[in-house]
Amino acid sequence: MPSHPHIATSEWTLDYPPFFAWFEYILSHVAKYFDQEMLNVHNLNYSSSRTLLFQRFSVIFMDVLFVYAVRECCKCIDGKKVGKELTEKPKFILSVLLLWNFGLLIVDHIHFQYNGFLFGLMLLSIARLFQKRHMEGAFLFAVLLHFKHIYLYVAPAYGVYLLRSYCFTANKPDGSIRWKSFSFVRVISLGLVVFLVSALSLGPFLALNQLPQVFSRLFPFKRGLCHAYWAPNFWALYNALD
């Protein structure tokens with residue numbers, strides 16, 4: 001990390017947070033047994049059948065977390081039976097909608113991304129919130145942010161939910177907030193969880209004065225944030241300005 005100059009063999013640098021970089025580093029120790037050449041940073045546009053095999057295998061293997069998270073979410077659904085048929089049960093419907101998401105199957109298993117793994121972290125975090133395990137849910141979401149920062153747009157919703165359901169410890173009889181029940185201890189504990197996860201992720205780069213390198217890769221404005229034609233909403237305005 002402290003080396004100069006920094007490696008810039010390709011414009012398509014890793015634009016994910018540090019935890020994902022560590023995740024790829026771990027994968028590289030397995031990848032070398034499939035094809036050592038795929039790990040050569042100067043070997044641009046390299047492709048081989050063994051490389052494809054490893055990429056598909058690693059994506060499918062990491063989907064185990066996604067399957068487990070779906071199971072945990074299904075356990076949070078009210079067990080009331082809507083009908084006698086299996087297809088009418090809420091748990092079955094939710095599991096089918098999530099596990100047979102063709103967007104994830106196509107994007108992950110053909111384009112070789114780990115969206116199922118990351119989505120699994122988010123679903124598991126949501127399941128923990130439903131199970132009233134708020135600290136664990138906050139921890140998992142903080143970890144997720146340091147795997148893929150695009151989930152930042154969900155952070156305000158998490159903040160509001162945790163503030164309402166965890167930091168306020170009691171309600172009035174009509175269900176409204178009992179303002180005097182606000183717990184500063186719980187707010188501090190949530191902040192401490194987020195701080196410790198962030199320190200573990202960004203601390204080494206801060207110590208080596210390399211945070212600008214991290215942020216330049218997370219937000220590659222020089223390269224352009226869009227490397228394809230994205231949905232014509234906010235990104236259309238961004239592309240026009242760029």
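Just so it is clear, glycine is given a Cβ too, placed from its N, Cα and C backbone atoms.
The transmembrane segment feature in TrEMBL is assigned to 53-70 (among others). Residues 27, 30-31, 34-35, 38, 94-95, 98-99, 104, 108-109, 112-114, 116-117, 119-124, 127 of the same chain, all 6+ positions outside the transmembrane segment (53-70), place their C-beta atoms under 8 angstroms from a C-beta of that stretch.
Summarising the annotation, TrEMBL assigns transmembrane segment to 91-107 (among others).
Marked as transmembrane segment by TrEMBL: 137-163 (among others). Residues 16-20, 23, 118, 121-122, 124-129, 187, 190, 193-194, 197-198, 201-202, 218 of the same chain sit 6 or more residues outside the transmembrane segment (137-163) yet have a Cβ under 8 Å from a Cβ within it.
For the transmembrane segment (183-208), the residues of the chain that approach it from at least six positions outside its boundaries are 1-2, 17-19, 134-135, 138-139, 142-143, 146, 162-163, 166-169, 214, judged by C-beta separation under 8 angstroms. Summarising the annotation, TrEMBL assigns transmembrane segment to 183-208 (among others).
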